[in-house]
């Protein structure tokens, strides 16, 4: 009888705050971390009776990376709009001519589930190939009952096909469905009374998100949706304070939000309310870069008051067409002046908190699922130093090496 399935020796690791630890050992048993700590404190019975052992030669092991904010299920692309923007055409003019989010909605509606899988699976596999083991995927390009459910079904299937843990978020409140043009309140009522309960009844949704902004949904409408989610025992998230300060972060915190995302215009009151609610700030440097934003999220304020910060790709066709979480990590350092430990924690422990999964994943601790990445580097700073470079690595998911 073996004491463990796998024994990883002579490794460096990171703790939940992103600090690097050296001379570490990790014991894996039945898909979970049985023990971890300094190698000189490793219990003798694990040393003497391990089914398999690996000398890591001082290389870095991190938790499996977590992309906690994506919109990667969609059809088509918006490269033509990118060309127009490069020629000086405004987003408003593009939207008036039928472009913008509603163009993606139409292409996604027109696509079958099989076509959505064919187009979206490569995006998920690209994340997996960077050491990402858990991904959040939002709906929001259907904007009617049939197509929102279609997107959520595809997201579930993608996780099974790619061998990646997928958490689904219902984002019917991404924009007003075109059938309800000029009557956003009727759309919100339909969303709360029909769409969200159907997604819940089919077990397709893990959380509920709202884009609360002057160009999307009002504070009052966001609260109506949050209350509907609460009535269904679903946790909430919020696209908040991206373009202006509407108080969405404080509202979301009042409902115990897992995360508020974007946050370029967050103020101190919103940040303090997020702290009280243990709400994570999810920062999205890809959108900041692609949209040429000038207003940065208030990292110093978040740091000062103690709001946990996560980083994600925001993978989507309109404002962040990327599938590289490693690139986002480098951008977070360069654009947002986050420290190396902050960024490493942002894509592991803090990202797990943003999904409500911190009890199972996100850090190297006894009892947690053994999602790990063994990198071909010894200095943790290298994960943020390189950009657009595929660092060699091996990935373990639930105790099994998958690459």
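Including glycine, each Cβ sits where the backbone N, Cα and C put it.
In sequence order, 209, 210, 211, 212, 213, 216, 248, 261, 262 constitute the residues six or more apart from residue 239 (Zn(2+) binding site) in its chain with CB-CB distances below 8 Å. Taken from Swiss-Prot, the feature Zn(2+) binding site covers 69, 71, 239, 314.
Residues or ranges marked as Fe(3+) binding site in Swiss-Prot: 69, 71, 239, 314. According to DSSP, residue 239 (Zn(2+) binding site) is assigned to a strand segment.
Mapped onto three states, the DSSP output places residue 319 (4-imidazolone-5-propanoate binding site) in coil. What Swiss-Prot lists as 4-imidazolone-5-propanoate binding site is 78, 141, 174, 242, 319.
Annotation comment: Swiss-Prot describes 141, 316, 318 as N-formimidoyl-L-glutamate binding site, evidence class sequence analysis. For residue 316 (N-formimidoyl-L-glutamate binding site), the count of additional Cβ atoms within 10 Å of its Cβ stands at 26 [all protein chains shown].
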CB contacts for residue 78 (4-imidazolone-5-propanoate binding site) [other CB atoms within 10 A, all chains]:
22
Would you mind checking how many other C-beta atoms are within 10 angstroms of the C-beta on residue 242 (4-imidazolone-5-propanoate binding site)?
28
Spatially, and counting Cα to Cα, which of the binding-site residues is closest to residue 318 (N-formimidoyl-L-glutamate binding site)? Options: 69, 78, 174, 242.
78
For residue 242 (4-imidazolone-5-propanoate binding site), which of these binding-site residues sit within 10 Å, Cα to Cα: 69, 71, 314, 316?
none
What is the number of other Cβ atoms found within 10 Å of the Cβ of residue 141 (4-imidazolone-5-propanoate binding site)?
31
Calculate the distance in Å between the alpha carbons (Cα) of residue 78 (4-imidazolone-5-propanoate binding site) and residue 316 (N-formimidoyl-L-glutamate binding site), and round it to a whole number.
10
